[in-house]
Amino acid sequence: MAFSKLLEQAGGVGLFQTLQVLTFILPCLMIPSQMLLENFSAAIPGHRCWTHMLDNGSAVSTNMTPKALLTISIPPGPNQGPHQCRRFRQPQWQLLDPNATATSWSEADTEPCVDGWVYDRSVFTSTIVAKWDLVCSSQGLKPLSQSIFMSGILVGSFIWGLLSYRFGRKPMLSWCCLQLAVAGTSTIFAPTFVIYCGLRFVAAFGMAGIFLSSLTLMVEWTTTSRRAVTMTVVGCAFSAGQAALGGLAFALRDWRTLQLAASVPFFAISLISWWLPESARWLIIKGKPDQALQELRKVARINGHKEAKNLTIEVLMSSVKEEVASAKEPRSVLDLFCVPVLRWRSCAMLVVNFSLLISYYGLVFDLQSLGRDIFLLQALFGAVDFLGRATTALLLSFLGRRTIQAGSQAMAGLAILANMLVPQDLQTLRVVFAVLGKGCFGISLTCLTIYKAELFPTPVRMTADGILHTVGRLGAMMGPLILMSRQALPLLPPLLYGVISIASSLVVLFFLPETQGLPLPDTIQDLESQKSTAAQGNRQEAVTVESTSL
């Protein structure tokens, strides 16, 4: 716990922490545009088969209306509109008869869209669906693109967690911003869908490093009393980015322009990130006290605290001798499951991360199916997410981490299950429940960011965060895939999302400790001390209750 006292000597909360938060707000505003980009860049426009009589101008009869030509060229689809995936082999002139019925033609009279499709460009001038014809028999390639993107975050979460502990938080953050910028910009030049997916994977790989490095740097430079507020502010920036995406996509209807707008800012963010100091906690753990002292003095100078000039290497080493000793002990992924005090919380957090992201991404990637203006709906989702996260700091001050985490996940699950009972024609009420669930997920994700950092000590914090992100991204990959079962079992996806969310809230209640008001643990011994203190407190409370009753 000694580093917490050293951080207080460097000012605790001041100008540096404010500038740091403002710096991290920039990527948090832009990351949602990358993650949720395909709600718009891969939106499915209205489409039908290309036909000679309708779309070959020289073959169109001048005495027939476009509606009549459509009637004899395209069969009706399931929703009574023009079929999106089939056309008549030959013009069905008999359908012009007002008395014609569905029996006037048969399936044998139709064929697939062998000459391609005609797309409605009234909403989007261009999408990747229209560019590579990801419709009809190829419609499964659209969710594949999102799954590949999520797999990039999955792999990156594991790799960057290990690399950040080995090489430091700061260089990984700058590199990942540059990687995302280059890969994201390059996608507009992709000649094939395969190359596009590969570049999206590389961009997502870098995004995972931005998540891990930025959040860890922020947590490790923030005092215990301000940690919840700081993380909530950053979470609100993420929500604002979601809302802004709706406006950005409304203004930029071409997928290439939208992709550039979401990628180019990361070039600037990569340069800006170099002013940030390296984590002094990490430098201490890695046996680099001289550099740690320099960073602490730098922060103190920015905060205007002259007392830190008296901080010497001897005082630093004396204060953090437990951390230095801990750094000499070999740590690996196995420590999360072999060390008794870490085992239960590691397993429980794996379950919580996995289940939370299954339900969350199943909801946010299903935007177009709500049947409303997706630009407005995206902005609405971001706004309610902002409100949910903004209230998190206040809620955490009174109710604690465990209560908020469990309660918000349970409420989100109940909102999803309630939506199952609402008829399809009551779209407004369905949107209300969806927005309520999104807001609860916003609270849950903000709380989880703080909670998991407080559950693990410094030597394994990045490794744990990397593993949790990896498992969470497995859930994120599963969320959209579950939606594919809707064609056979329409109620299965929301049922799974709701039940999984409620079940994970019970895991939080029964298997995770409360960390409210506790200093950030620097060693495994700190966790043991917290556990012993909590046990003594429980025994004392039991004695007090018994004495009162007597």
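Cβ from N, Cα, C; glycine included.
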Is it the case that Swiss-Prot assigns Trp255 and Thr458 to the same side of the membrane?
no
If you check Swiss-Prot, which of Asn56, Asn310 turns up marked as N-linked glycosylation site?
Asn56
Scan Asn39, Asn63 for the residue that Swiss-Prot records as N-linked glycosylation site.
Asn39
Look up region 'Disordered' in Swiss-Prot and report which of 91-110, 311-330, 531-550 it refers to.
531-550
Tell me which of the glycosylation sites Asn39, Asn56 sits in the most Cβ-dense spot, judged by other Cβ atoms within 10 Å.
Asn39
Would the transmembrane segment (403-423) count as touching the transmembrane segment (491-511), i.e. at least 3 C-beta pairs under 8 angstroms with sequence separation of 6+?
yes
Find the member of 201-221, 347-367, 403-423 that has more C-beta pairs under 8 Å to the transmembrane segment (11-31) than any other listed stretch.
201-221
Where DSSP helix means H, G or I and strand means E or B, what are the helix, strand and coil counts for the topological domain 'Extracellular' (32-142)?
42 helix, 15 strand, 54 coil
Fill in the CA-CA distance, Asn56 (N-linked glycosylation site) to Asn39 (N-linked glycosylation site), as an integer in Å.
32
Against the transmembrane segment (347-367), which of these stretches has the most C-beta pairs under 8 Å: 201-221, 379-399, 403-423, 431-451?
431-451
